[in-house]
Amino acid sequence: MATTIARIGSANWAKLLVLLWLVQLATAGEPNPACKTLPTVDKDNEDKCCDVPEMFPNETLNACMEEHQQSSKPPLQKSCEITTCVLKKQSLIKSDNTVDKDKIKSYIKEMVKGSDEWKTLVEKAVLEECLPLMDKDPSNVLSKLKSSLGDCDPAPALTIACAAAKFYVNCPAKDRTKSPMCDEWRTFLSKCSNSLEDLNAIFMVLENQKTR
């Protein structure tokens, strides 16, 4: 799981699911019922649903993986720490562990390896859609999640998971794969990536599938 937390640059539909596993919330509000049933998952299909540009340098990803991957901590906590590590190494998190919105905006313009259309999409997803979700949090799910993550603040990792879903939903036509599976997932994520409760519902379904 942790290997793909920050590798949005080459993400396909399966990697998006891995990102959404970050959203393990102890308790939450009521999700959209439609988010409790996942679309078709073809594990043998490696087609990309969206060709997302590189977001973070490989050397940063590898350094954070080496630093945290071999830890004996629970997988969810390691994933949170790896994501936070990547953002810190890129100077995108303040000393109080909150995401630095001004630096995020500059980073997108200077470092994201994509077209202007992609940079606009990333900026909107992170700054206008996902970070505000963290601020709203009517069910206090972030504070409930912290109890299972040690000293790792879940908000940065949740922001990454949320943004990945938005990238898939709004993927530019030239970078989009047209297939029944991809179309089904885009429709699903357009409904189920707008609240922490909905993201949690996706996680719970995935966890149930893993234990079968």
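Cβ from N, Cα, C; glycine included.
The DSSP secondary structure for Cys85 (disulfide bond) is helix. Taken from Swiss-Prot, the feature disulfide bond applies to Cys64-Cys85 (among others), supported by similarity to another entry.
The annotation disulfide bond is assigned in Swiss-Prot to Cys80-Cys152 (among others). On its own chain, Cys152 (disulfide bond) has Gln77, Cys80, Glu81, Thr84 as residues at least 6 apart in sequence with a Cβ closer than 8 Å to its own Cβ.
According to Swiss-Prot, the disulfide bond annotation covers Cys130-Cys162 (among others).
Swiss-Prot lists 1-28 with the feature signal peptide, giving sequence analysis as the kind of evidence.
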Site of maximum Cβ density within 10 Å, from disulfide-bonded residues Cys85, Cys130, Cys162: Cys162
Position of peak Cβ density within 10 Å, selected from the disulfide-bonded residues Cys64, Cys80: Cys80
